[in-house]
Protein chains: 2
Amino acid sequence: MDAEPFAAGTFQASSPADGTPRTLSLGALELETGGRLPQVQLAFQTWGRLDAQGSNAVLVLHALTGDAHVADGPEDSDGWWRDLVGPGRVIDTERFFVVAPAALGGCAGTTGPASPAPDGRPWGSRFPFVTLRDMASAEHALLGHLGIEAWHTVIGGSMGGARALEWAASYPERVRRCAVLASCAASTAEQIALSQIQVEAIRLDPAFDGGDYYEREDSGPVRGLGLARRLAHLSYRSEAELGQRFGREAQGEETPLGSADRERRGRYAVESYLDHQASKLVGRFDANAYLSITEALMSHDVGRGRGGVAAALGGLEGIEFLIAAVDSDRLYLPEQSEEIVAALPGEVSVDYIRSPIGHDGFLTSAATQLEPPLRRLLG
Amino acid sequence: MDAEPFAAGTFQASSPADGTPRTLSLGALELETGGRLPQVQLAFQTWGRLDAQGSNAVLVLHALTGDAHVADGPEDSDGWWRDLVGPGRVIDTERFFVVAPAALGGCAGTTGPASPAPDGRPWGSRFPFVTLRDMASAEHALLGHLGIEAWHTVIGGSMGGARALEWAASYPERVRRCAVLASCAASTAEQIALSQIQVEAIRLDPAFDGGDYYEREDSGPVRGLGLARRLAHLSYRSEAELGQRFGREAQGEETPLGSADRERRGRYAVESYLDHQASKLVGRFDANAYLSITEALMSHDVGRGRGGVAAALGGLEGIEFLIAAVDSDRLYLPEQSEEIVAALPGEVSVDYIRSPIGHDGFLTSAATQLEPPLRRLLG
């Protein structure tokens with residue numbers, strides 16, 4: 001299979017243009033649950049310039065299958081959050097120095113299961129268990145490397161929001177402001193259950209080979225990964241949106257009702273939609289990385305080892321928070337954002353994105369509803 | 001593998017005791033989408049006695065993985081709806097003649113994919129596409145066989161409710177009353193999507209062998225079927241119930257946070273719960289039958305070929321309806337029950353089961369909330 005998109009980045013540049021890949025070598029990283037990665041590469045991208053005081057740096061943290069390309073690069077307009085991050089946007093790259101790392105354990109340049117282990121072969125099944133706390137731990141090195149005293153703001157949505165909250169709890173003196181969007185303080189039973197099903201889908205694929213599939217001639221465990229993505233995607237959208245967009249329509253000229261031959265059944269439009277979502281992801285994402293990050297997300301509990309969520313968040317007086325939820329989100333329930341504000345010190349209330357589409361609302365044009373609260377937070 | 005539980009029943013008896021397996025040979029059955037089954041066996045069970053007018057017969061239709069054993073048998077107390085069906089229960093077997101067939105395409109005795117095809121080998125991948133309408137069509141033979149003019153009541157929950165609605169729309173002159181619990185008039189995009197994921201999970205299992213796995217030495221596609229069941233079960237319960245029962249607890253002494261070795265990660269309690277649900281189902285259900293019935297459910301649209309749902313239901317003046325929903329159901333949304341009553345003629349309103357547990361509320365003790373409306377319906 002083509003392992004190219006999953007290989008850890010090797011590009012280095014002393015003064016790169018906005019939105020170009022950079023890599024920081026961290027050396028060894030001790031992991032929260034006892035593992036050790038002897039050589040970690042941290043991929044990241046930046047936009048704008050750090051001011052003389054090192055005080056205008058904004059850390060943007062991506063979601064499960066995201067990457068460091070938050071805003072547009074020198075020759076593209078592919079930034080996944082370009083509605084919010086860029087010149088003249090609410091996170092204005094002419095004012096802020098925006099820094100976006102790729103998560104540890106993923107496949108967007110930072111060391112992950114597809115990266116070479118010390119023996120030169122991909123880590124594969126040998127990649128250790130990592131947590132969101134380990135991701136923050138790896139990213140901490142960016143401060144010294146870039147000459148930043150503390151982040152002006154740390155911001156993320158979905159898993160990125162969970163990462164932001166971990167940053168705040170792990171390094172409160174390094175975080176001035178923190179924006180947690182469509183996320184939670186700890187993964188719930190429901191979120192763990194949905195994750196387990198996705199993990200099992202990948203492991204069920206006969207091409208998974210226990211995680212050591214990189215030398216296969218075929219395309220690897222793309223069916224299992226696609227199956228996981230179908231379920232994940234369903235949780236990112238609302239029932240109402242699916243109903244309005246697809247209803248019971250057939251896909252094109254296909255006949256979903258089937259014929260006498262069950263194997264030749266055509267698809268409903270919503271099936272084709274899920275197929276498309278699966279196909280898009282498997283072309284850009286590594287199955288082991290999906291496993292690694294999904295299990296990290298299952299482990300998410302900002303209160304772990306800190307006396308619980310209330311204690312972990314209750315002591316963060318020095319940080320100004322923005323907590324936002326999508327009203328129709330059925331994966332990261334609005335109640336979970338309410339739980340965060342209830343645990344935080346001071347007067348914080350949840351800002352709502354009103355959108356019928358569900359969790360993905362924080363990524364779509366609906367996210368522009370975050371502009372007023374973000375302006376308030378950013379000052 | 002042990003195909004025993006899936007084989008079509010062969011027991012015949014002229015005057016069997018309540019709740020013992022019976023089989024009716026239907027001969028050939030022409031299917032809605034063009035297929036043909038040359039020899040159909042319909043498994044069913046009965047309780048009580050038909051009155052002289054043949055007017056006290058109640059048809060109880062089971063859900064996706066249910067069977068004909070609705071109430072207790074002569075030597076067991078395993079009836080899956082024994083809270084509602086039995087001597088002195090609201091569906092009183094001392095007053096009513098209760099008849100419960102096993103669905104066509106399943107694995108509870110009625111002809112399905114594990115049944116022998118004319119060549120003596122299991123149908124497997126050759127089993128034709130069946131619909132809920134085909135199930136009703138097969139069950140129609142029970143009327144003549146048992147000497148019933150029309151059903152006093154047809155009742156079912158979940159897929160059983162969809163089957164009941166199909167009965168009413170297909171044979172309105174044969175149905176006096178109809179109770180549709182936690183169900184819908186047509187599967188939605190969301191329901192189709194959840195079904196597709198389950199179907200794909202089974203097909204992904206390397207032991208599925210394209211559906212012809214009956215001669216394998218191993219236990220067949222139990223992982224794929226278990227994966228499908230995990231997702232289905234999640235949709236049957238509410239997020240709140242899972243959170244209250246399991247939260248982020250570890251399963252016993254297991255360590256879900258993992259160790260350095262990701263493969264040895266322990267489980268959260270909710271994972272163990274889903275594993276248990278999967279394990280229970282695969283011990284009693286055939287993967288091909290799950291596929292067949294799930295695809296039948298995807299096809300569910302009582303308005304198909306009848307000018308739409310409103311037209312199909314709007315003409316059923318001669319039938320008295322009870323439409324009930326579980327208020328916390330996230331699979332068969334209460335709105336779907338409201339849509340049914342909006343389409344029905346006359347004054348019908350939705351009766352609600354108040355329960356925090358979700359769709360399964362119609363099967364648990366909460367179902368006793370149906371007693372008042374059922375008494376009203378049954379007269």
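Backbone N, Cα and C atoms are what each Cβ position is placed from, and that goes for glycine too.
As given in TrEMBL:
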type     : residues           : note
DOMAIN   : A:56-364           : domain 'AB hydrolase-1'
ACT_SITE : A:Ser158           : active site, nucleophile
BINDING  : A:Arg229, A:Asp360 : substrate binding site
ACT_SITE : A:Asp329           : active site
ACT_SITE : A:His359           : active site
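Recorded features from TrEMBL, shown on the structure.
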residue  : record                   : CB count, 10 Å
A:Ser158 : active site, nucleophile : 28
A:Arg229 : substrate binding site   : 26
A:Asp329 : active site              : 27
A:His359 : active site              : 26
A:Asp360 : substrate binding site   : 24
(message) Cα-Cα, whole number of Å: A:Asp360 (substrate binding site) versus A:Asp329 (active site)?
(response) 8
(message) By the criterion CB under 8 A from chain B, which of the recorded positions A:Ser158, A:Arg229, A:Asp329, A:His359, A:Asp360 would you report?
(response) none
(message) Between A:Ser158 (active site, nucleophile) and A:Arg229 (substrate binding site), how many Å separate their Cα atoms?
(response) 15
(request) Measuring Cα to Cα, tell me the gap between A:His359 (active site) and A:Asp329 (active site) in whole angstrom. (result) 4
(message) Rounded to a whole angstrom, what is the C-alpha distance between A:Asp329 (active site) and A:Arg229 (substrate binding site)?
(response) 17
(request) Kindly state the mean pLDDT of the domain 'AB hydrolase-1' (A:56-364) in the predicted structure. (result) 96
(message) Going by DSSP, is A:His359 (active site) sitting in a helix, a strand, or coil?
(response) helix
